[in-house]
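Input: a single structure, listed below in structure tokens.
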Amino acid sequence: MKTSPIIALDFDSAEKTFAFLKAFEGDVNVKVGMQLYYKEGPAIIARLKELGYDIFLDLKLHDIPNTVKSSMEVLAGLGINLINVHAAGGKTMMEAALEGLDKGTSSGLVRPSLIGVTQLTSTDENQVREEQLISVPLQESVLHYAKLTKNSGLDGVVCSVHESAVIAEACGNEFLKVTPGIRLADSGTHDQKRIATPEEAHLAGSTHIVVGRAITGAADPRAAYEHINASWRGTK
Ligand SMILES: O=C(O)c1cc(=O)[nH]c(=O)n1[C@@H]1O[C@H](COP(=O)(O)O)[C@@H](O)[C@H]1O
């Protein structure tokens with residue numbers, strides 16, 4: 001992926017997606033999530049690729065190793081740049097995901113980077129304790145999943161900005177820290193819990209930021225993108 005913000009294309013149709021993208025040309029990173037992919041299927045990926053976008057396919061696979069492996073083999077053929085699984089699926093599942101990607105790209109396609117979702121940014125300390133029955137602090141749980149992801153051979157994690165620095169320390173600067181939950185100081189949090197500004201992401205060492213509603217819901221999405229990009233690069 002380019003080192004620029006990844007715009008979450010959380011739209012319910014190709015029509016709305018391409019209307020939104022008119023302001024962006026092919027020079028940004030985009031994320032296709034479950035809503036858009038389930039609606040439009042692989043065709044949406046082919047169209048975005050044709051226009052030159054770098055693509056994060058965010059389907060958060062989490063199943064038995066064999067199912068994840070064979071699904072990844074199929075998805076690898078789409079020619080995407082980045083894809084994810086839930087780290088909670090475990091080491092064997094993550095290794096199987098990698099195997100599937102390798103198999104699906106053995107004809108010469110570039111293997112997409114594979115990252116593990118640690119704890120969703122919509123999760124807080126209380127949920128981890130009460131609903132997941134995890135007795136260690138949330139940051140420790142995220143760090144545990146980051147190390148497990150690294151030991152499984154993956155390229156990085158999805159985490160919140162709050163955990164980027166500690167993951168960099170344990171897993172290295174090159175290990176991807178892809179951070180959603182990005183909000184400007186004056187915007188609403190919606191369903192996110194572990195939020196941070198683009199400036200904070202820059203300081204914490206996030207390697208990528210994922211931004212949806214702060215751009216897609218802005219009155220001027222291109223201006224919002226430029227503002228966030230400059231803040232994240234530390235040039236503002
Ligand atoms: O894997 C993701 O992209 C993801 C992981 C996570 O922990 N939290 C999270 O918000 N996301 C995705 O990042 C995007 C954030 O959107 P906004 O909250 O609108 O910026 C959504 O498309 C989520 O599906």
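Cβ coordinates come from backbone N, Cα and C, glycine included.
Taken from TrEMBL as is:
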- 4-228: domain 'Orotidine 5'-phosphate decarboxylase' (DOMAIN)
- D10, K31, 58-67, T121, R183, Q192, 212-213: substrate binding site (BINDING)
- D58: active site, for OMPdecase activity (ACT_SITE)
- K60: active site, proton donor (ACT_SITE)
- K60: active site, for OMPdecase activity (ACT_SITE)
- D63: active site, for OMPdecase activity (ACT_SITE)
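If you take every residue in the domain 'Orotidine 5'-phosphate decarboxylase' (4-228) and average the pLDDT, you get 97. Here the Cα atom of D58 (active site, for OMPdecase activity) is found 14 Å from that of T121 (substrate binding site). In this structure, the binding-site residues under consideration are D10, T121, and the one with the smallest number of other Cβ atoms within 10 Å of its Cβ is D10. Ligand 1 lies under 6 Å from the Cβ of D10, out of the binding-site residues D10, H62, P65. If you compare Cα positions, D63 (active site, for OMPdecase activity) sits closest to T121 out of the binding-site residues D10, T121, G212.
The Cβ of G212 (substrate binding site) has I7, A8, D10, K31, P180 as same-chain neighbours under 8 Å, each 6 or more residues away in sequence.
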